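Read the structure below first, then the notes.
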Amino acid sequence: MQLLAIGINHTTAPVSLRERVAFPLEQIKPALGALRTHLSGRNGTEAAILSTCNRTEIYCATDVLKPGEEGFEHTLRWLAQHHNVPASELAPHLYALPQSEAVRHAFRVASGLDSMVLGETQILGQLKDAVRTAGEAGALGTYLNQLFQRTFAVAKEVRGQTEIGAHSVSMAAAAVRLAQRIFESVSTQRVLFIGAGEMIELCATHFAAQTPRQIVVANRTVERGEKLAEQLSEQGLTTQAIRLQDLGDRLHEFDIVVSCTASSLPIIGLGAVERAVKRRKHRPIMMVDLAVPRDVEPEVARLDDVFLYTVDDLGAVVREGNALRQAAVAQAEAIIDSRVLNFMHWLETRSVVPVIRELQSQGEAIRQAEVERARRMLARGDDPAAVLEALSGALTRKFLHGPTHALNHTQGEDREALLRLVPGLFRHSSHSER
């Protein structure tokens, strides 16, 4: 069975490319079906898709593809075709990790070692969601199930035995730091949050600690926006929830805009921001776009009075705290190295299961045939002792026929290998079953 992890992330591709190969949640299940059919021509391949702001990754287990370039090329072609992105444009940014490298990568991702925010925990929840979705789509089997269960166990071990999450600067905290560099005080600013998901909740919590002048939440579902606004108002803040369609009329009111929705298209265009800046009499506005695909048209960054930051821009701020956790990284890598070896041992033992089953099947067929022959001998009145002798002799001859034939007809290095191997296979053990 071949394992393969293929994908792009924040270290290999800019957000402008990552957003083009992101999978909306509602598209993942049908995409898994299409991927498995593409790779094997049938639904024999196991697969899972992890798609976040910082990465799009495909994990596969298949016995159809050959290891190496074939698996990479097949998966690359499917990913490029699915998203209508030229394969030649995508390929330089992709990593393809086979076997133990794929296992190590999964362990590192879940443990937060491959994240923009070193040691962050959000990725573990996102990976669990991806595995749950793959399971619901019927795309998981023995190998990926085992891989991901061990992945979650390793992540728990790493976080429990190291300080990988200590001194962590989250994306939300990084957004606040950037705001503090632009504005003398966040407490005098009006802040708009677009969306009401987990990332927006985290950002809102961090900004709320700076007691801004006002916090407004814009969301497609106004009830969800109201819920977040009410939570923030309990901290003594002035809050409000508005409908997303009212954004154009209100955008000019805000000094800081933080957006993270699941929209596949930008929801804030260049024209809307130009009008907002004009109504603000060119007072600066800071915009933080944490969405992938992006919520704000990239052209907005060209405006003189707008400070637009994407998830990649926040990465530099996040990395400032990463150096403080290098000792924890070394400890985490040591744990992962050990657990990768354990998993690969399990994988290797799985490869002999079909051989063992075939041996057992052949042995059982021989046994049944000889027992039936012995019964016929007993039925016609043959001496039981002679029947037992005949039975045991026939079993011995037939069980040893294969090894004996191989020893007599194999030459060279293969014969030498058999001469070393066969005695051990038939050596009597005091612990063997009786």
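Cβ coordinates come from backbone N, Cα and C, glycine included.
Listed features, source Swiss-Prot:
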- CYS53: active site, nucleophile (ACT_SITE)
- THR52, CYS53, ASN54, ARG55, SER115, GLU120, THR121, GLN122, GLN126: substrate binding site (BINDING)
- GLY195, ALA196, GLY197, GLU198, MET199, ILE200: NADP(+) binding site (BINDING)
- HIS105: site 'Important for activity' (SITE)
Under 8 Å by Cβ from HIS105 (site 'Important for activity'), counting only residues of that chain that are 6 or more apart: ALA5, LEU97, ASP114
Length of the line joining the Cα atoms of GLY195 (NADP(+) binding site) and the residue listed as 'active site, nucleophile', in Å: 15
Lowest local Cβ density (other Cβ within 10 Å) among binding-site residues: THR52, ASN54, GLN126: GLN126
Fewest other Cβ within 10 angstroms of its own Cβ, chosen from the binding-site residues SER115, THR121: THR121
Same chain, 6+ residues apart, C-beta under 8 Å of the C-beta of the residue listed as 'active site, nucleophile', given in sequence order: ARG18, MET199, CYS260, LEU290, ALA291, VAL292, VAL311
Helix, strand or coil at THR121 (substrate binding site) [DSSP, three-state]: coil
Residue among binding-site residues ALA196, GLU198, ILE200 with Cα closest to the Cα of GLN126 (substrate binding site): GLU198
DSSP three-state assignment (helix, strand or coil) for MET199 (NADP(+) binding site): helix
Cβ contacts of GLU198 (NADP(+) binding site) (under 8 Å, same chain, 6 or more positions away): GLN122
Whole-number Å value for how far ALA196 (NADP(+) binding site) lies from THR52 (substrate binding site) (Cα to Cα): 16
